[in-house]
């Protein structure tokens, strides 16, 4: 972020703070008792004992000593009329004097008119006040947010179970000054400037408003150059349009700069504050603030002539407006410190008002709320047998389905139903015979807006009108005469109704209704409340308690919010996040974590801050055996040539990495090392000037600062790395790595000296490359129960997620604890098999428990994730089933903590944790535990013993090696490689390929000569043998592996002519042991695995999934091993005749994962041929056996060795196109000369090649298999059985 927005943001915040301080300073002593001096008539109630409400003042002892209703039940209330609108800052209560009657909890509602009540809330929750525990003590509550009202009601929720409801009350506050203007929807106020144009660099506009209409302009101003500012109600929300000096933008074609609020057409006061400094602006509606940057080219707002309030009048056309005017009341309207309404009341010349009055007219509207989807209903009487029927009302809801109206027509002739189904109105009329008709109208009527419904019927014609639409359809009912009935059920039906007076084919309605008319007569809902009209169940009368659960939007990371009356839901599709509120990232935080989960190389999305605000970024993870590299590409990694630039017009290239600078900084800061390769070529072009002069080329990094140093050197010096080391090979080339993390990544390169004759330069900036996760292995050890780490307070009001690894041998201990005044959070291991997550957000303590079937104090790493949001609380331990608890639909939901976060202990220094904790995340933020442990007694940085937990990740004989940060897998004694020894090493063998491993010296198979397990001595006869190999071939018979013992004894693994596996042991001249595995033909171009192990005389053979066992005779003596051969045995002297048959064509196919005891001969040949006792003859090509399974096997029949420049023509194929002419002689001469020339060249190449690699006879190639591979796969040679020496054969 540049410095200007930072400065303007600070100024905006300062201005906002001063503004609010000014407002609160006027009410500094607003705590006077307001009820003590009220007359008895100011007190009223839902019901009372004789005159009890008039003696309900605090500390009052007269009369009955306080208020008690006739019966203690729900929906009772005590009301105070404070005479005028006042500011209420506190309340206090007592029980009824000298009794056992008191209220233990209650809520407050307030109103300006005594109707259309509003519930007192904190945040988005209806606030419950703690009441009394006896009759005489006073319980005082300071309101977190002051309210302004004339009427206030105390509504008891719970009371003494051994008594009744009893209350004495007091209200504290002060006088409230208010300037009000009433707009009738056809008028406006004009504030005219003293000069033509009002130009402002900063603005503060504040007001309050109330309205029953969802649309209307509150204020507007514009200038001739495109400046404009407009605040407009749109569907019950406030849209702000603000533009600075952009003539292209027009109000009708631009989108709002900000939209805030919801359900603002509820006839309650709503506050608005707009603060602007330059292009930075804060827009606040009812304590919800949105910060934004304005459109436009300048910092000044230029408004011409006037500002209009309440509408946008058309110049020279009085009474004409561009948009719908505002209808309602505006209070305390200030524009840059000017009280606009006060000026209008005093008829100042700057103000023009048309039909604006200065008192707020309050419509006497009584809304009702249907609370319960099963039991809410309202019964109102009709006038029976009137010719026709007329019903109208307004409703608003979030539910798609619900019964709106059910009535039985006069004399039981039929039924009329009005249903909301799938957000559409459905009118259904049936007669007693079952004939019916229906009408559908509207869609998405569950959008929370007020909708008006009017049903008019006369005789055989019914009309349903929605939202005053004149094009509403009419229904004809020739089979039914419609007459008004006795009863009208709104919202639902009573449970005890047994006849057809009320039918409900769908669930009850949840929502609000108002303005109910039956037979063109309004219904008095206050009379319903008092019990003198109709009947009801589970209604809130005289208030609409609709709540927009999607505002503010608690779906994080762009999740889409939908809602019903009681709940909201988040659609997290295409966000990269999951969970009830789209809080949890589906991606890992680094390549290290992907590696830990078993991934190797590929493109991955990395979310550096987890559940934090930063979006995931795509990177390339390359997991090698020693480092895990993370690569981020940018938009120009190719070599780029530059000409024609100079200091006045330099060449500039901006680099785009596909993410924000915040994302890149998080990746870099979380890595151990980062680098970018920089290459610069030049000709007649300077890179640097003098060591102190201005450079001709430079680059900028993350903070937009110039950096004149280049690859391999240090920040601050105009040098390059090879110049420092005096190793520059070319004067015109500078190549090196930038590795100072605070300056990376390179975001821009500037070159300014390529405009001279024949002058040019070229540059290349490589991708950003990093390795090492600084946090994943960040661990601490707690050695005493009293030790803990201090972390700043965990601020997680709406969402909290905590994750970490731990290991311990203790029986119990507290991992984390954070306290608040009333709230707390604690995570602990309560026993060796139980983890508890305890939390209290104000609704009482709640505990989640996960029980483990295995002990958690086994000194192994275990993972814990605890999460709490406003919808649910969850606890995960390892991969065990999670524990979950849904949040209450109503009640407190803000987690407010104020103490420090204790890690590894508690504030009481008891029940501390003994063991290790690592990789602690708090709402995605990484906590550097090791750094804090350095200055904390009883806590030690780091934790050893990673291999105890993760050693199992090293597979196929790999050995886990402990490191300070994490671990590595040593694959020395494994035929596999890779970070987890999971990558097989395989190669293609041709008919002449032979790999021989000699057991003569204790040669290691890797460069690590200290590993003695990698060799076998020639004079040692192994008591145990283990052989593993995988193969794929289409040739049979063929030899797979040959072990040469002393005295012409051997072990051979081969495929017989029918493709079955055969293992031959020859341990003496007199006797051989032959084991034949009678399975299907294994020469079927599929990968098969052979495992053979011998322990003394016990032999086991596994072919794929089949296992066989055998015992050698006790007199058998096993021989020492001299060599191991894969493929063709080239020294055939003394070779067993049957083995010789299989060896005739060698092995053509693929071998992989070959291992004899701790020897991996194929790995030695392909990876460590220069230091291993291995010899390769013929062509050996590294490849993957699995990739060959479905390959095309119809290739060319000839395979060439790379050491021979020409292949031989197949002897069985005749030559063609032979020319019989006199030119044959000339051609022959040319051929002979050519042949001799190539022979000489071949001898020279062969000689040089032998000088270079004398230990090998042929070249190995590491490449993909060639297209001509499968020529020999088609060869099938029929070898006759030959009599051999006496053998023991075992057919298994």
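Just so you know, the numbers here start at 1 and follow the chain as drawn.
Cβ atoms here come from the backbone N, Cα and C positions, even for glycine.
Feature annotations, courtesy of Swiss-Prot:
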type: DISULFID; residues: 30-174; note: disulfide bond
type: DISULFID; residues: 329-360; note: disulfide bond
type: DISULFID; residues: 512-544; note: disulfide bond
type: DISULFID; residues: 550-561; note: disulfide bond
type: DISULFID; residues: 555-570; note: disulfide bond
type: DISULFID; residues: 572-582; note: disulfide bond
type: DISULFID; residues: 916-943; note: disulfide bond
type: DISULFID; residues: 947-960; note: disulfide bond
type: DISULFID; residues: 954-969; note: disulfide bond
type: DISULFID; residues: 971-981; note: disulfide bond
type: DISULFID; residues: 1150-1185; note: disulfide bond
type: DOMAIN; residues: 30-174; note: domain 'F5/8 type C'
type: DOMAIN; residues: 180-360; note: domain 'Laminin G-like 1'
type: DOMAIN; residues: 546-583; note: domain 'EGF-like 1'
type: DOMAIN; residues: 944-982; note: domain 'EGF-like 2'
type: CARBOHYD; residues: 282; note: N-linked glycosylation site
type: CARBOHYD; residues: 496; note: N-linked glycosylation site
type: CARBOHYD; residues: 622; note: N-linked glycosylation site
type: CARBOHYD; residues: 1044; note: N-linked glycosylation site
type: SIGNAL; residues: 1-24; note: signal peptide
type: TOPO_DOM; residues: 1246-1292; note: topological domain 'Cytoplasmic'
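Long-range Cβ contacts of the domain 'EGF-like 1' (546-583) within its own chain (Cβ-Cβ under 8 Å, at least 6 residues beyond either end) map to 124, 261-263, 266, 288, 369, 373, 396-400, 448, 510-512, 605, 607, 611, 613, 615-616, 798-799, 801, 867, 869-872, 889. Checked against residue 622 (N-linked glycosylation site) by C-alpha proximity, the disulfide-bonded residues 174, 550, 570, 971, 1150 yield 971 as the nearest. Closest by Cα distance to residue 954 (disulfide bond), from the disulfide-bonded residues 550, 555, 916, is 916.
For the domain 'F5/8 type C' (30-174), the DSSP-based tally of helix, strand and coil residues reads 7 helix, 70 strand, 68 coil. Averaged over the domain 'EGF-like 1' (546-583), the predicted model has a pLDDT of 95.
Fewest Cβ neighbours within 10 Å among the disulfide-bonded residues 360, 570, 971: this applies to 360. For the recorded positions 496, 570, 960, 981, a Cα-Cα cutoff of 10 angstroms around residue 969 (disulfide bond) retains 960, 981. If you draw a 10 Å sphere around the CB of residue 572 (disulfide bond), it holds 21 other CB atoms from the protein chains shown.
Within 10 Å (C-alpha to C-alpha) of residue 561 (disulfide bond) lie the following recorded positions from 282, 360, 555, 570, 572, 1044: 555, 570, 572. Taking CA atoms as the reference points, residue 282 (N-linked glycosylation site) and residue 174 (disulfide bond) are 30 Å apart. In terms of Cα spacing, the recorded positions 329, 496, 960, 1044 all stay beyond 10 Å of residue 570 (disulfide bond).
Classification of residue 960 (disulfide bond) by DSSP places it within a strand. In the three-state DSSP assignment, the secondary structure recorded for residue 282 (N-linked glycosylation site) is strand. Ranked by Cα separation from residue 174 (disulfide bond), the disulfide-bonded residues 512, 544, 947, 971 are led by 544. For the disulfide-bonded residues 512, 544, 960, a Cα to Cα distance of within 10 angstroms from residue 971 (disulfide bond) holds for 960. The DSSP breakdown of the domain 'EGF-like 1' (546-583) into helical (H, G, I), extended (E, B) and coil residues amounts to 0 helix, 10 strand, 28 coil.
Listed disulfide-bonded residues: 550, 1185. The one with the lowest count of other Cβ atoms within 10 Å of its Cβ is 550.
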